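What follows is a set of notes on a single structure, which appears directly below.
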Amino acid sequence: MPEAEITQETPARVRLLADFEQHLVAQRGLSAHTVRAYRGDVEALLSYAARHGARTLADVDLAVLRAWLASMAAGQRSRATLARRGASARTFFAWAAHTGRVQRDPAIRLATARVAAPLPTVLTQDTARRMLDERAQDARTGEPLVVRDWALLELLYATGVRVGELCGADVSDLDLATCTLRVVGKGDKERVVPFGRPAADAVDAWLRVRGELAGAGAALFVGARGGRIDQRQVRDVVHRATTAAGADVAPHALRHSAATHLLEGGSDLRSVQEILGHSSLTTTQRYTHVSAERLRSAYAQAHPRA
């Protein structure tokens, strides 16, 4: 296959990009948004290479690729953008080498900085306490759905279970005598998680009024029509409660908060791993970074020599 010229808007370059785009759609199954991003990245790369003397793909070597990424880093592109453009270049040249458009893939050794995962969103302990105290106050009305919301929020925060795990829990999975809840997590792995007296009181209050909605159904938490509660309904409950407390967050933030507050309270990492149902301790370790970041923030705000 003859080497395609990559100078601006030659028919060969237009064909090259069209073939690459077709590969992304047909072979890789990427979304339209990702395909547009990858094509745009490769167009930018080819334009850069052409401006710096490259005439064909064979002229684009590892040094050119590194210089291209370095030019964007100097332009203060985000790490995420740099990582994606590096991925675009690697994907493009792997395809070009596989289809015979270049003899060697210059991007095999192209490295880009890894994008650090953002730290989990976590409520402060004061915000969590305020949110739950407000729900407890509202639940004094005895209105079943209001009592349910209080119990649901208490359990999410107390146990750190995933929303899907709580939605799937049955009344029979609950043991108020030992303050434990049995849930089925990822990979159908079962675990038993503890909770404290505030959550037990809330759940006990809910069980007293649950029959007004659920009848003899098995689900621990139900909706207004008596069917098992779903994740969308839980998101709505969490949204209302956290917004009222001044911190609109997703339900998973209650899981993050439970883990972080356990560590801040002195719990060991292995115990938190078991409570959360993480298969790897590495996953749990990210919460130590949250605690450390909060500690640094508190120090910076409070210490006279910070």
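The backbone N, Cα and C atoms fix where each Cβ goes, glycine too.
Taken from TrEMBL, the feature domain 'Core-binding (CB)' applies to 11-97. Across the domain 'Core-binding (CB)' (11-97), DSSP classifies residues as 71 helix, 1 strand, 15 coil.
The annotation domain 'Tyr recombinase' is assigned in TrEMBL to 118-300.
TrEMBL lists Arg162 (among others) with the feature active site. Summarising the environment of Arg162 (active site), the number of other Cβ atoms within 10 Å of its Cβ, over all protein chains shown, is 19.
The active site feature in TrEMBL is assigned to Lys186 (among others). Within 10 Å of the C-beta of Lys186 (active site) there are 11 other C-beta atoms, taking all protein chains into account. According to DSSP, Lys186 (active site) sits within a helical segment.
Positions annotated as active site by TrEMBL: His252 (among others). All chains included, 15 other C-beta atoms sit within 10 angstroms of the C-beta of His252 (active site).
The annotation active site is assigned in TrEMBL to Arg255 (among others). Arg255 (active site) falls within a helical segment according to DSSP.
Per TrEMBL, active site is recorded for His278 (among others). All protein chains considered, the CB of His278 (active site) has 18 other CB atoms within 10 Å.
Look at TrEMBL and you will find Tyr287 tagged as active site, O-(3'-phospho-DNA)-tyrosine intermediate. Listed in sequence order, Pro120, His256, Ala259, Thr260, Leu263, Val272 are the same-chain residues six or more apart from Tyr287 (active site, O-(3'-phospho-DNA)-tyrosine intermediate) with CB atoms under 8 A from its CB.
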Segment confidence, the domain 'Core-binding (CB)' (11-97), expressed as mean pLDDT: 89
One of the active-site residues Arg162, Lys186, His278 has its Cα closest to the Cα of His252 (active site), namely Arg162
Which state, by DSSP, holds Tyr287 (active site, O-(3'-phospho-DNA)-tyrosine intermediate): helix, strand or coil? helix
Applying a 10 Å Cβ distance cut-off over all chains shown, what neighbour count does Arg255 (active site) have? 22
Out of Lys186, Arg255, His278, point to the one nearest Arg162 (active site) in space (Cα versus Cα); all of them are active-site residues in the record. Arg255
